[in-house]
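Engineer: The structure follows.
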Amino acid sequence: MSLQMLTVSNNITLIQPGFSLMNFDGQVFFFGQKGWPKRSCPTGVFHFDIKQNHVKLKPAVFSKDSCYLPPLRYPAICRVKGSSESEKTQYIIHGGKTPNNELSDKIYVMSVVGRNNKKVTFRCTEKELVGDVPEARYGHSIDVVYSRGKSMGVLFGGRSYMPSAQRITEKWNSVADCLPHIFLVDFEFGCSTTYILPEIQDGLSFHVSIARNDTVYILGGHSIANNIRPANLYKIRVDLPLGTPAVNCTVLPGGISVSSAILTQINNDEFVIVGGYQLENQKRMVCNIVSLEENKIEIREMETPDWAPDIKHSKLWFGSNMGNGTVFLGIPGDNKQAVSEVYYFHMLKFAEDDVNEDQKTFTNSQTSTDDPGDSTPFEDSEEFCFSTEATSFDGDDEFDTYNEDDEEDESETGYWITCCHTCDVDINTWVPFYSTELNKPAMIYCSHGDGHWVHAQCMGLAERTLIHLSEGSNKYYCNEHVEIARSLQTPKRGLPIKKTPLKALHKKSSGKIFTPAKKSFLRRLFD
């Protein structure tokens, strides 16, 4: 066991509570920055390159057949076996918070499709679900179980916003526990089914989950409704026969009270639980070894790491599993100093570096990243604001610097979207098209129905037309809806014709020389 302090050499402000780390064959990748991706890395996924205790974030790219993956904090993540040799390692990502504090209900699958000396290329695909689709949430877990030659995803817990009818302005972002339901998700066919187990009475978030074969163990967690961290330990077994799946739950003794803990695997049968909170105002400094043998689970305390003084005295800590029995930890910097880092980072190792990766993490669950703890001030860390980091990416590629102050509310501007069936905007090519903004293609808002954003490039708008529509309050309708919109419009009301009064006309005509015929006409007109 060793604890080492790390130095982040570039873009340290990207690493804030709620991020996730993914280990692809020994290479660690960072995902879930706070804020929307910038031109420096439009995918928001970075290679977590650690050399001699220095961390450098190197941008990763997506293949052209990928969908856009927004930066999600506090999602549920698990590692699974890929369907082919080229994609032998995949990660499932569900839920999480966007930088606008909107919650996601989508499922994404991440896999590596290309590597070279400078970059790693990912493929990201979105899985459509039917049936009992889980509501948007964060702080939950997703695991994969295997039974009778088949596999199934198991989703549980988390938090979600209160129903729209109950949300008021003063408490618009108030969250509540999700219902204590178990969701079985078939990733191949996109089917989702809900199971209600009487043994699980409370909704839990930021718990620890471990999957082994056909069983998922759920440990700890936090309940907003009761404001407790129960020492529960649930064993959920999933049987996948040819017909309807069977799900049963057993309550086991020996659980521990903890939320927001990090789980890492040190060998085939042993995991370590690190960090987390045991009370509203107290971190949990004890680590536990979780042993899985056959169908039994044992949890026991282990030797406490030699925590550094700044870790002991900090009220907040967060982090994620790096794989290979290693945990990445962060604590706030000392703001009493004139110049201080936003966060200090440490790497805690429990296992040797030569652990067989293929034997390890396919049974590992999504680790609870970090509890935002809406009910506890010290855990509500994802809403903290910090100074920016203006250090650019190093390397041969000339990436623009990342500036957090440039972030804006982009809940509506989905410039990575496919705006029409002929849309050909490449999400990996940030070349502006008629745009004064250097970080996204120009867009215009179609006013049809509820409205939607479309690329000016795909609509064939001239630059002058784009500027005219952007400056004024005119409604614009895209190519798909322009004919519908025209049929709904009425002609503009023209200005009334200005008529000159007859007396003014007579006055203007006095003193002028007219022909006898015109004089006779004017005399009859004014008499």
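Here the Cβ of each residue, glycine as well, is placed from N, Cα and C on the backbone.
Quick paste of what TrEMBL says about this protein:
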BINDING   CYS419, CYS423, HIS455, CYS458  Zn(2+) 1 binding site
BINDING   CYS446, HIS452, CYS478, HIS481  Zn(2+) 2 binding site
COMPBIAS  361-370  compositional bias 'Polar residues'
COMPBIAS  371-380  compositional bias 'Acidic residues'
DOMAIN    414-491  domain 'Recombination activating protein 2 PHD'
REGION    359-380  region 'Disordered'
Engineer: Just name the winner among CYS423, CYS478 (the binding-site residues) by count of other CB atoms within 10 A of its CB.
Structural biologist: CYS478
Engineer: Tell me the Cβ neighbour count for HIS481 (Zn(2+) 2 binding site), meaning other Cβ atoms within 10 Å of its Cβ, over all protein chains shown.
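Structural biologist: A count of 16.
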Engineer: Could you round the CA separation between CYS419 (Zn(2+) 1 binding site) and HIS452 (Zn(2+) 2 binding site) to a whole angstrom and send it over?
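Structural biologist: With the alpha carbons as reference points, the distance is 8 Å.
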Engineer: Whole-number answer please: how many Å between the C-alpha atoms of CYS446 (Zn(2+) 2 binding site) and CYS458 (Zn(2+) 1 binding site)?
Structural biologist: 13
Engineer: Around the Zn(2+) 1 site (CYS419, CYS423, HIS455, CYS458), what further same-chain residues have their C-beta within 8 angstroms of the site's C-beta centre?
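Structural biologist: Output for this site, in sequence order: ILE417, THR418, CYS420, THR422, ASP424, VAL425, VAL454, GLN457, MET459.
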Engineer: Quick one: which residues besides CYS446, HIS452, CYS478, HIS481 have a Cβ within 8 Å of the Zn(2+) 2 site's Cβ centroid, in sequence order?
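Structural biologist: Close Cβ neighbours, site residues excluded: TYR445, SER447, HIS448, GLY449, GLY451, VAL454, TYR476, TYR477, GLU480.
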Engineer: Determine the Cβ neighbour count for HIS452 (Zn(2+) 2 binding site): the number of other Cβ atoms within 10 Å of its Cβ.
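Structural biologist: A count of 17.
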Engineer: Which of the binding-site residues HIS452, CYS478, HIS481 has its Cα closest in space to the Cα of CYS458 (Zn(2+) 1 binding site)?
Structural biologist: CYS478
Engineer: Quick one: give me the count of other CB atoms within 10 A of the CB of HIS455 (Zn(2+) 1 binding site).
Structural biologist: 22
Engineer: Do you know offhand how many angstrom separate HIS455 (Zn(2+) 1 binding site) and HIS481 (Zn(2+) 2 binding site) by C-alpha?
Structural biologist: 14
Engineer: Including all protein chains displayed, how many Cβ atoms other than that of CYS419 (Zn(2+) 1 binding site) lie within 10 Å of its Cβ?
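Structural biologist: Counting Cβ neighbours of CYS419 (Zn(2+) 1 binding site) within 10 Å gives 24.
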Engineer: Across all the protein chains here, work out how many other Cβ atoms are within 10 Å of the Cβ of CYS458 (Zn(2+) 1 binding site).
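Structural biologist: Neighbour count, Cβ to Cβ under the 10 Å cut-off: 20.
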Engineer: Let's check the environment of CYS446 (Zn(2+) 2 binding site): how many other CB atoms sit within 10 Å of its CB?
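Structural biologist: A 10 Å sphere around the Cβ of CYS446 (Zn(2+) 2 binding site) contains 23 other Cβ atoms.
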Engineer: Compute the C-alpha separation of CYS478 (Zn(2+) 2 binding site) from CYS423 (Zn(2+) 1 binding site), stating it in Å without decimals.
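Structural biologist: Rounded to the nearest whole number, the Cα-Cα distance is 12 Å.
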Engineer: Looking only at the domain 'Recombination activating protein 2 PHD' (414-491), what is the mean pLDDT?
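Structural biologist: Mean model confidence (pLDDT) across the domain 'Recombination activating protein 2 PHD' (414-491) is 71.
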